[in-house]
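Heads up: the structure comes next, in structure tokens.
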Amino acid sequence: MKPLESLERRFGRYAVPNLTLLLVLGQAFMYLAAMGPGGQGLIERLQLVPARVLEGEVWRLLAFPVVPPLLSPLFFAIYLLAFYYFGSTVESLWGAFRYNVYLALGFLLTAAAGFIEPEWPASGAYVQTSVFLAFAALLPDAVIRIYFILPVKARYLAAFTWALYALQAVAGGWSTRLTIAAAVTNFLLFFGPQAFSTFKQAKRKRDFRRKVDAAASAIRHECRVCGLTSDMAPRTRFRYCSQCAGQCCYCPDHLDKHEHVQAVGR
């Protein structure tokens, strides 16, 4: 992405390093605060509900990236570990600026999509899931142990995630579809050109292989006397006569029983 490279040269020094860690700490703090004394209703007050933003609760625009998912403590801890691992790995491969833009754009698109259905809360969970999709696109053969036990390659988990996206988009309401579309759009902006280039390269290879195979299948032996070909008799051993001018091919029956072809002018 050349525009992104240009932006990085100009604004790269403003990138926030270790952004995943900051999000993890923010979500952990909000989770503990919601479970503590006086925390009832905290998550609801921080969720991005565009209708409430239009009423003046603008803090929801900044707070929703650190709104934690509603999980049990054990699964929430596993979620934080996974998100930190995927996010920090992507940041180490991309650099802080590119990773910042990826997350910021995802959250901005999610917020914009939320205003189309302003009465429903817009979740940042799909943006965080798109971090895993970025990880899988960059390291498709990386092995992930589900619950620290079952080893699965990232490419297969990504395929499962895309299938879940499709299922939720079909079964869910417009709020869910819009937030999924925001996360998918963000992913495609970063990986779409690369995927399209890879697809074109693979297509060129297939076309070239098809031409080579077609040319190879077109090459056959044919007896100059009886017209028998290697396609008609694939086990027959055809030979070329060294005494004939040019490339004259004969089957075993006519290799020694044919009139030699003389070169023109002899």
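Cβ atoms are placed via backbone N, Cα and C, with glycine included.
Curation does not apply to TrEMBL; its annotations are automatic.
Note that the structure is a prediction, hence the values are computed from the model and not measured.
Tertiary proximity for the transmembrane segment (21-43) is limited to same-chain residues at least six positions away from its ends with a CB under 8 Å from its CB atoms, namely 65-68, 70, 76, 80, 83-84, 87-88, 103, 128. Sequence annotations record features per position, and here TrEMBL assigns transmembrane segment to 21-43 (among others).
Sequence annotations record features per position, and here TrEMBL assigns transmembrane segment to 63-87 (among others).
Per TrEMBL, the feature transmembrane segment maps to 99-116 (among others).
Positions annotated as transmembrane segment by TrEMBL: 122-144 (among others).
Residues or ranges marked as transmembrane segment in TrEMBL: 156-174 (among others).
Marked as transmembrane segment by TrEMBL: 180-199 (among others).
The list of residues near the transmembrane segment (122-144) in space but at least 6 beyond its ends in sequence, with Cβ under 8 angstroms from a Cβ of it, reads 20, 23, 47-50, 64-65, 67, 69, 82-83, 86-87, 89-90, 93, 102-103, 106-107, 110-111, 113-114, 151-155, 157-158, 161-162, 165, 175, 178-180, 182-184, 186-187, 190-191. Non-local neighbours of the transmembrane segment (63-87) in the same chain are 19-21, 23-24, 26-31, 34, 43, 46-48, 99, 103, 107, 111, 122-125, 127-128, 131-132, 134-135, 147; each lies 6+ residues outside the stretch with a CB under 8 Å from one of its CB atoms.
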